[in-house]
């Protein structure tokens, strides 16, 4: 998705279908050939299958691009969970701060590596929000999210293969936790965060993540002005800050911090199991609500700021309208 000046987390369909290997930048301004017919007239109707991008399911190039998502997410899970374990295993006074800095660095590097291949999502939050906004089709988002989940499982498997059983038991493969069972004065007790608190943290952190960083990639003007290295660095820094804030402001033992990436939480949960499934739904429902809230925000602000004159053809409202015409 990166070129000389633009950054995107989205639509590769034009260049993939065109048979070229170069991934073009995603822009918040839709390409006119997607919205203007050969006579220069505005297209008023797109079929439901076009809105959903059903053809992406049958595109070999889309599936090949999803391999970048799979491998990128596998490396992400392996690296992040390794950082979680090593940071808290080390004798440092501020593990949360070190953890957040390392996460920011790793995410930035991985985004720079994966963006030219698939758009650099490596996170269902980005894929789903991009589909809602219309930058990519819902079909492509589904393919990417499946690839990300498979990659997360492979990453957790790789981590399990290199750590000792005692570390695996102690840190639960660095997975996402809301509560854990800890020894108490009168026997084992459950410690951690209340369900409502954890859910709100996921919603708020996801929205802030999209608003404060991914927004720059969606808006072609900011991406062009800042450059793709700067934008991707900001994405990493914002995620690092959110991890630091969510783990510090709660100060609850047993709570692993905001996930903001359902796939990363799914991998260790499938491989490790046990208490990682307790409240696991929070790491899916919270980000989903945050993505929807961000989409509503993009529909409220002045159209000229984000959506171009004709909008994106995969926009969720357009999908709903197409469904009503079926």
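Backbone N, Cα and C define each Cβ position, glycine as well.
Annotations in TrEMBL come from automatic prediction, not curation.
Computed from a predicted structure; not experimentally measured.
Features reported for this protein in TrEMBL:
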type	residues	note
COMPBIAS	15-29	compositional bias 'Polar residues'
REGION	1-38	region 'Disordered'
TRANSMEM	65-85	transmembrane segment
TRANSMEM	97-115	transmembrane segment
TRANSMEM	145-163	transmembrane segment
TRANSMEM	198-218	transmembrane segment
TRANSMEM	225-245	transmembrane segment
TRANSMEM	281-298	transmembrane segment
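The stretch from 65-85, 97-115, 198-218, 225-245 with the most CB pairs below 8 A to the transmembrane segment (145-163) is 65-85.
For the transmembrane segment (97-115), the most Cβ-contacting stretch among 65-85, 198-218, 225-245, 281-298 is 225-245 (pairs under 8 Å). Tertiary proximity for the transmembrane segment (225-245) is limited to same-chain residues at least six positions away from its ends with a CB under 8 Å from its CB atoms, namely 2-3, 5-7, 25, 96-97, 99-101, 103-108, 111-112, 115, 120, 205, 208-209, 212-214, 216-217, 257-258, 260.
Long-range neighbours of the transmembrane segment (281-298) within the same chain, counting only residues 6 or more positions beyond its ends whose Cβ lies under 8 Å from a Cβ of the stretch, are 124-125, 128-129, 132-133, 176, 178, 195, 198-207, 209-211, 259-262, 265-266, 306-307, 316.
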